[in-house]
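Everything on this sheet refers to the single structure shown next.
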Amino acid sequence: MFETQKKSKKAQMQVYCRIRPDFNQSVLFPYEVDHKNNIMDVQQYTKSYKENLEFKYSGIFDGSCTQEQVFDEVALPVIHNCLEGYNGTIFAYGQTGSGKTYTMTGAESWQLRGIIPRVIQSIFDEVDKVEGIEYTLYVSFMEIYNENAYDLLERKHLEQPLETWNKINLFEDDYGNIHLKNISVHSCANEQEGIDLLMMGNFVRQVSATPVNQSSSRSHCIFTITIEGKQINNSSVFVSKLHLVDLAGSERAGRNQTEGQLLNEAKYINLSLSYLEQVILALNEKRKNGGRTHIPYRNSLLTTILKDSLGGNCKTVMVANISPELENYEESVSTLRFSQRVAALENEISKKEKVDLQLMVNKLEQEKLLLFKELDNYQKIILNMEGGQEILELYKNNQLEIDNLPNNSMLTKNASQNGNFQFSQQNNLEISKQVAQQPINTNIANKVDQFLNERDENIEVSDANEAYQCFYAMKQLYNTRMKEYVTELTFISEKLQKYDELLSKRKQAKEEQKKKGTNSTFAENSISIENNTTNLNNIQQMQKQKNYQQQMQNGNPNLQNQCQKQYQQNQIQNQQMNGSKPYQQH
């Protein structure tokens, strides 16, 4: 398959404001909401603001709005775009305790579930309704904690501390696309599997209690749904990604009285959010005057991963969460100001498609057979005409003369110098006039033109064949490496047999020394037991190698790295035990 990208179109970023309910009956800062025009007026409260502030949004949700209302307005349009092949992002932004995680994930009650579980349900509901397209869904879930990225769906992380987790690595290709390594991608066949993956990731996510929030998220989390849609009997497959992002909340260390680990976490959270704001400011400067070309995406992992979502190929929606209490006035105004900068941005979205070359070739072959069949019918109609046989013979002879000319592209230029060509053209013109008077299927010419156009558009199939040959060569190289690993494991298996024999001999010697019962024998027995223990450990490790060999022979390439590491450890221990040199691969 090879990728194609259709013409892009501009999409304004949609920004919504959600006001958290006042559960504690606190004093609120003065504000007014115009729901008809989606405008929020925040009245002047401190001397730093000299006039009332006005903020306009795509929609405003107050404390009385339900989770379903938020989902229907914020997420449903993005889902429809993703099912058509366009990328999408929904992210929640705001201070800690403002309701971001509640908006994105929700609460334990089914009625209070948030955007992410509702998106999973809605996608599968919509997929079942669509006819003529086969959808395949994949899920990944990652968190960015203290400027390191981790996979939340790696099952071994359920039992291991964070310090032992493998970090996700990022790299950028020649076209500016960001790719992730060491992150698992899981096939998702139904809604329940998607919800299970979400719950699994949330279970290992970094959460701590702070003075402001008893369940404060200490990391940025990105839940990604990849959608592949293949039209039945069509050669194209579109791929889209939907990023659902729950950002950690900004914090004021002095107010929250954080220290130690919480203070260090707050430092990384505030730093990454600051870099996010720098990217938004740079994009706005570029939009206004076009003078700025560099956008500092690489300053943080968060902005690097969300590069497409911020000014790239993605339909992006932001939910600005604010707390209405008077004590949160400064943080809320800061969130509102940031949201207005985001609302001014535009993304250029386009649909990416992968073309199935084999399916395309099969389709063209079928079209060719149909065209030949219609051509036969066309010739039969001519034969039934008066003088039809002579017309066909004359037409074929004239066409042969045209095809045998040195350069068809020079026909127009040399027409006056070539009498044969001129004669043939005149005769063919007469034939065309006669045929035009007969009741012939007028769709034939159009279908012939359509076939030729599709053939010209797919000349790149030969390039794809070269790519396939390259892939085949890589596969042969991989098979060669697999044979080398099998050779190594065979050598290890032979050593294992030698260890079995050595252990048996030493056990016999130990029994003989026990019968003698001397002090020197007791010392020798101690040494022998220690050596046997060491050899037993080595034998257990060698047995693992035999298991690896069996799985390698069954075609499990995912064990290559693990097998190689285990093999190197065993060779080092063997060398330390008997002073022999490790086996060298040839």
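Going from the start of the chain as shown, residues are counted 1 onward.
The backbone N, Cα and C atoms fix where each Cβ goes, glycine too.
Annotated range for coiled coil in TrEMBL, selecting from 207-241, 277-311, 347-381, 382-416: 347-381. Its Cβ taken as reference, Thr101 (ATP binding site) is surrounded by 25 other Cβ atoms within 10 Å in the chains shown. In the shown protein chains, 27 other C-beta atoms lie within 10 A of the C-beta of Ser98 (ATP binding site). For the domain 'Kinesin motor' (12-345), the model gives a mean pLDDT of 88. Counting other C-beta atoms within 10 Å of each candidate's C-beta, the binding-site residues Gly94, Gly97 are led by Gly94.
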